[in-house]
Amino acid sequence: MSVDELNQSILQYKEQLEQIAQALQLTRDETERSELNKLKSDLIELLELTVESLAATSDDDDAPDTAGRAPPATADNPIDDEFALFMREIKELQTEDSAAGEQAGEQTATEPERQPNDDDADNDDDADDKLDLDGLVGSKCSAPHLHTWGSTAYHNAMVCSLDADDLAHATAKVLFTNPTHREMLPCAYFLEGECRFTDEKCRYSHGEVVRLDQLRDYRAPQFERLRRAGSRALVKQSTRLWCKGTVTEVDFDAKRCKVRLEEGKREQLEVPFEDLLPLDEDEDGQEAAEDSESDTDGADEEEADDEALRKALLVEKSLFHPAPDRRLGEWEEHTRGIGSKIMQKMGYIVGTGLGREGEGIVVPVSAQVLPQGRSLDYCMELREQSNGDKDLFSVEKKLVQLKRQEAKRAAKDYERQRARESKSKDVFSFINEQVFSGAAGGESSRPNRNRPGALSRQELKEHSCKNLNIASLKLSEEIRRTEADVERLKIALTRHRAGTPAADNLLRQIDAKRAEISRMQASEGNISREQQLRSDKKKLTIF
């Protein structure tokens with residue numbers, strides 16, 4: 001390096017040393033002071049090396065033929081003068097550094113005694129910070145708002161007050177200039193200082209408190225975006241709320257445009273630019289994405305664990321309650337309802353109570369059916385007489401009572417029917433008992449063989465003509481069937497030799513069938529005679 005470059009480097013190092021010395025006088029933090037002292041020592045060492053390099057370069061340029069011996073220091077040598085000046089300044093800086101260190105040590109030792117009173121430098125810094133923060137009051141910004149459904153969105157707002165007691169957690173109270181929902185709408189009485197309600201009880205906004213680091217730059221309306229067809233904007237309504245709409249026509253000369261609202265009656269309005277805030281879909285989408293990313297960073301894993309823990313606690317809580325006699329939504333088995341299925345999709349666990357924590361009801365609310373045409377006083381008297389029974393007018397209780405009444409009525413009808421059947425015997429049961437009792441041809445048929453007829457005339461008089469006709473038809477069919485059996489037995493008899501046990505058995509069966517046929521023919525004759533007598537009697541009665 002040349003002599004000029006070395007001189008320039010030395011001057012630069014001196015300026016840096018002066019800056020470090022000033023910083024050491026203003027800094028009280030031990031960590032910062034140690035770093036500054038280390039930087040200062042490095043600069044001093046670098047400066048000494050630079051000065052030595054400068055001296056060596058000057059010696060090389062001015063050296064005589066003598067081997068390596070520098071010329072004696074004279075007052076006319078500028079390098080020696082500069083080196084002497086540098087060493088004197090280095091000593092002064094070291095002296096100032098030691099003095100500043102002693103002063104800082106004394107201040108640290110006496111700090112507990114002087115704790116109520118701050119230093120003048122601290123007072124100046126705090127005053128400067130307060131002056132800077134006070135300048136934010138009345139300024140426009142973009143502040144976040146947490147909606148009732150859980151999402152956060154940024155809206156234009158104005159800072160109305162600050163709380164800067166703790167700068168690390170400073171907050172600001174803002175009023176939204178383009179409120180889109182009722183909870184964002186500034187209270188007119190609060191702005192005039194006449195609102196009688198507190199911030200919590202008033203239906204309108206007295207200012208929303210947000211952290212100072214959450215504020216963003218104010219988004220000024222850019223009406224050039226309205227040139228695009230179908231651009232969206234916020235429109236001020238008579239209710240002071242701003243609703244979304246689509247711009248259909250723009251007049252930049254008159255500064256008016258026509259907007260079709262997206263909600264309500266979807267009517268088309270003509271509004272001035274003062275009541276319009278153009279929206280940028282790209283910015284809105286970007287803000288929404290930033291909000292969603294900031295909200296979901298590191299929350300996905302915790303969300304799954306919290307959901308599993310919540311379900312386990314709900315199931316554990318449900319085990320301490322007695323099991324209900326019926327489950328919620330059991331009536332959907334007989335209908336097309338899907339309410340319980342939707343609830344399960346939304347996270348409901350069968351058997352637990354309603355609500356997020358399972359603190360709600362487990363069984364469905366029972367419907368109450370009051371007596372028709374009665375007053376409520378009468379119904380209350382009935383409930384008092386029943387000792388405050390809550391299920392007195394319950395639909396389920398009435399249904400159980402109706403089922404019991406139906407069961408008792410059915411049992412009585414059955415007993416009455418059986419008694420009626422036991423008293424009145426029809427012709428079919430009589431035929432089955434008297435005529436067909438000896439169909440097997442055994443010993444049970446022997447007492448009937450001695451009787452001349454199975455059905456007497458006196459017994460037939462108790463039955464109607466219709467029953468007699470049916471009985472006669474059945475007897476005819478039974479006679480034909482029995483005769484067919486006799487013919488089949490005769491054919492079987494031809495295949496056996498006479499005198500064998502099989503032939504004797506077949507002969508006994510043929511005799512029994514023939515006796516049965518004779519009895520049925522006798523009964524059929526009695527029925528025919530009874531029918532003929534009734535027919536003749538009817539003709540004589542008509543004559």
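In case you wondered, yes, glycine gets a Cβ from its N, Cα and C as well.
Of the listed segments 186-209, 234-257, 306-329, Swiss-Prot assigns zinc finger to 186-209. Of the given residue ranges 55-79, 405-429, Swiss-Prot assigns the label region 'Disordered' to 55-79. For the zinc finger (186-209), DSSP puts the residue distribution at 4 helix, 4 strand, 16 coil.
Same-chain residues lying 6+ beyond the ends of the zinc finger (186-209) with a Cβ under 8 Å from its Cβ atoms: 143, 145, 157, 160-161, 163, 171-176, 179. On the 0 to 100 pLDDT scale, the domain 'G-patch' (335-381) averages 78 in this prediction.
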